[in-house]
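See below for the structure under consideration.
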Amino acid sequence: MDTQSPVFREEQERLQDTFREIDRQRSGIGPVYRGQDFTEQLLEEKREESRRRLDLLGQEPYFGRLDFKEDGKAGTLPLYIGKRGMDRQDTGEPYVIDWRAPVASLFYSFTGGEAPVSYDAPDGTIQGEIHRKRNLSIRDRKLGRIVDSYERGGDNIGLNDEFLLYKLGDKKDNKLRDIVSTIQAEQDRIIRAPRHKALVIQGAAGSGKTTVALHRLAFLLYQYQQQIRAERMIIFAPNTMFLDYISGVLPELGVGDVKQTTFADWALDRLSGSVKLAGDASGDEPWFSLEGARPRIDDETPGRYKGSLAFKALLDEKLKRLETHFLEPLPFEPWEGRILSAAQIREWFEVEYRHYALAPRLERLQARINRWLEMRLGEIGDPKIRKEKAKTGKQRLRAYANKLPKADALSFYQRLFSSEDAAGIPKHIVQSTKAYLKKSEVRQEDLPALVWIHYVFNGAENLAFDHVVVDEAQDVSPLQIALLNAFMNEPSFTILGDLAQGIHAYRGVQRWEELSDVFAEEYRSYHALQQSYRSTLEIIEFANRILPHTGTGLPPAVPVFRSGDPVEVAGLDAETERLPRIERFIRDNRERGMQTIAIVCRTDEDCARLAEQLREAGLEANLISENQTQYRGGLTVVPAYLSKGLEFDAVLVADADDRRYAAAPQDAKLLYVACTRALHRLTLMYQGRPTPLIAEA
Ligand SMILES: Nc1ncnc2c1ncn2[C@@H]1O[C@H](COP(=O)(O)OP(=O)(O)OP(=O)(O)O)[C@@H](O)[C@H]1O
């Protein structure tokens, strides 16, 4: 829009006025209080929160304007919508509206037309009509672009997507960003879904699943301020590098303190160091290496079996049996002639303490026997005899305690896999598991069961979550979800993933019902996101060719109409051409302003070799490996299986030949992941025969 136009000038004035209001309020808060007065300290927390809010507003006060005419009221009200809200100090009128406020939902749900609209306010439904929807971009305190995506009575053709396309055309750095200014209606429905639901979201690659889940956390914190606390929300993601990549979004939305972890780290924490992971703990190796036939995946694949509800049922049955026969009480005889009967011990354990989980019950029992002993000692008048008896009594109590069974998750698990007890578990799983359990080592696939047993033994240690986000949920198991649900009073989940990217299908789910079966009917809520925002039309259409080979039966992703360069598939005549071609790809894309460039190889070894070759050629690349904790952006060399969740301006899939990506669902999923990482430019390179997965139908 022309910067000289009356509309631009009007918005410019509004913006200046907003900055004046922000500055006024900011200076009204006063300096930071550092004294000892308790009331002042409490007030300071509130003042600090206001400072943070005003700082955020100061960077970009708002991004949208909606002119709303409420039924029964005179005049149209321009509502300015921002990441945080602000009322005018003098009149108390809302001046900027928080994007999470009920009325702001109109900004997202409205997609055009003159029909009446409504939103749910705390006092009931409010109806009215929209007269204008405007996007405003503000950077460095300056008004940039103004795009009207709707004007009542106007022709409104083709305007709707303009601002979105402008945003999607941006180049990426090393962090995921918030999308508050362009949240789409289908995404908004998920973000604003009620709290007590287990939302399962199947979303195409690039449909905004991760972003939407993070916005949902910000929404829940706003909407349920009294019931939900950030530090009782938790995000589970596949690895620490991914957590680093998404770590910018919540602070941008003004949300702090949400726990972010991987399931393995969380599980190991629960088990407080009582188990050791085997060297090959992930057990991923056979599934990603190229050598030999890749194993078949079914319900008896170890990772899938150990994460199944069938295995949980077996555990529960054995745990129940253990509980009923847990204690065969023996009488306790602290010294000759003094006996605490087995019946009394049983009574304490089975009746008095029955409400406790096994481990705290045992602790209470021991403390009770100790108290009984102290009382008996107190009855002895002669101090000398008392001292003698105390000595023997304590010794015998220690010996007695040693004989009591232990409520220890690893021992129980080891016993379960010892031959006679293992009935019901497929033989090949028993054999392979027994081998490493003997060395007191476990694998990641054992962690859900171990934490489950630990939970049954110990209770939920007050660890109730208010909300749980599980990202890349196609790789998690029903037992994991059931376990997390046990740490919550009522289900409140956002579970998101894409079965077509299920490259860990040997431990994940094949159908979403496997996860939603964990919840009662009234909590289940399934959503599908098909529109993909990340990549150009050309890249999405190309990736859609691979999709049918994944065996998931998922429909093709729907592109936003953002056109770019065609996808390039380059055949090489000789190995000597490979490195120069890769170097050229990097150079070309840098010249064209691409900030993040990834070369995706099939295996870790392929990546290590290429990164070394690039280094020798003077190109320093970040080589991504399994234990990476940070994603740095720039030039990256990454194995396909670790590229999941990330995105890059330009992607080169090196070695897209028929050996590395054969006609098999697992390979198709890997290639699909690799190709869908690209925002603007995608090239595939191969020697020999190209992968059959990209053949045109
Ligand atoms: N409504 C939107 N407006 C602008 N950008 C969006 C929108 N929705 C998603 N995006 C962008 O699309 C890209 C993909 O988002 P995100 O990584 O959250 O998707 P995803 O579904 O989790 O992807 P994948 O499964 O492929 O990892 C991001 O760059 C995100 O900012």
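Along the chain as shown, residues are numbered 1 onward.
Each Cβ is built from the backbone N, Cα and C atoms, and glycine gets one as well.
Copied over from TrEMBL, here are the features:
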BINDING   G203, A204, A205, G206, S207, G208, K209, T210  ATP binding site
DOMAIN    182-536  domain 'UvrD-like helicase ATP-binding'
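Figure note: comparing Cβ neighbours within 10 Å for the binding-site residues A204, A205, the maximum is reached by A204. Apart from G203, A204, A205, G206, S207, G208, K209, T210, the residues listed for ATP, the same chain places the Cβ atoms of D498, L529, S532, Y533, R534 within 8 Å of the centroid of those Cβ atoms. Mean pLDDT for the domain 'UvrD-like helicase ATP-binding' (182-536) in the predicted structure: 89. Sequence-distant neighbours of G206 (ATP binding site) (same chain, six or more apart, CB under 8 Å from its CB) are S532, Y533, R534, S535, I540, A557, E647, T676, listed in sequence order. Residues from the binding-site residues list (G203, A204, G206, S207, T210) with a C-beta closer than 6 Å to any atom of ligand 1: G203, G206, S207, T210. Packing around K209 (ATP binding site) is summarised by its Cβ count: 25 other Cβ atoms lie within 10 angstroms of its Cβ, all protein chains included. Look at S207 (ATP binding site): DSSP puts it in coil. Annotation for G208 (ATP binding site): same-chain Cβ neighbours under 8 Å, separated by at least 6 residues, are I179, Q184, Q187, L529, Y533. Annotation: S207 carries the greatest number of neighbouring Cβ atoms among the binding-site residues S207, T210 [cut-off 10 Å, Cβ to Cβ]. When Cβ atoms from all protein chains are considered, those within 10 Å of G203 (ATP binding site) total 25, not counting its own.
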